[in-house]
Amino acid sequence: MTTISVIKVSGHELDDPTFLGGLTAALRGFQQPLVLVHGGGKEISAAVERAGLQIEFVDGLRVTSPAVMDIMQMVVCGTINKRIVTALVNAGVKAIGLSGLDLGLLRCEPYRPAGRDLGRVGEVTAVDGAALLHLLALGWMPVIAPVALGATDGLSYNVNADMVAEAVAGALAGAELVFVSNVPGVLVDGRVVPALTPAAVEELIANGVISGGMIPKVRAALAALQRGASSVRIVNLAGLHDGGTRFTHGELSE
């Protein structure tokens, strides 16, 4: 099998009503096997508000009570996932919508950063890579919503979509991970840096060249490398096929 690409799109991007059409057109042109991981976005918060429940975030992670989990699962698995799958199928792509609950695809433990209890927020501990490879061998594109199965309690958990994408790419040996963003890549002096190593990233952060909202993006890229991805790119839709900034383990050739 040729190189697998795991493509992650955020809920923020999906909040743009024009984004899905552009994404569908771009993915239709790919020749290699693809796995798509997506986030949630404003629709989850809107549904939580309509239910009269509190919206709370800690370091970008949604505090998820059992009631909020029910709503999150309904929106991200039932509405957003199926919207994406419908668009892809209508474009001729053999897409299949899944969450981490299906086939026990993603298993997790409660995520407790710095000891904080975020409720039903999980951290992926296992991915059924064999199941994904089987679906890919059939010529299908798995579209994965970021809900995982608790490894010890059997409950559903809300998982950060970046973490899901990192874990999936790591489970598919040699896979490339592509983070689709609203920027064309890491910019230095207004130009996209085509390639970076972990050492170069740390130097650019220390020097203040990489700052603000780009820092968590590059940190996620480095985390994906550590989890086993062969390479990682940060791109926008225009650069989805071969553009953006590529992160690799080793030294870059001159």
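Counting starts with 1 at the first residue shown.
Just so it is clear, glycine is given a Cβ too, placed from its N, Cα and C backbone atoms.
The annotation in Swiss-Prot ties Gly40, Gly41, Asn158 to substrate, and of the candidates under consideration, Arg28, Arg62, Arg191, the one tied to the same site is Arg62. Comparing local CB density within 10 A for the recorded positions Lys8, Arg62, Lys217, the maximum falls on Lys8. Comparing the binding-site residues Gly40, Gly41 by how many other C-beta atoms lie within 10 angstroms of each C-beta, the top residue is Gly40.
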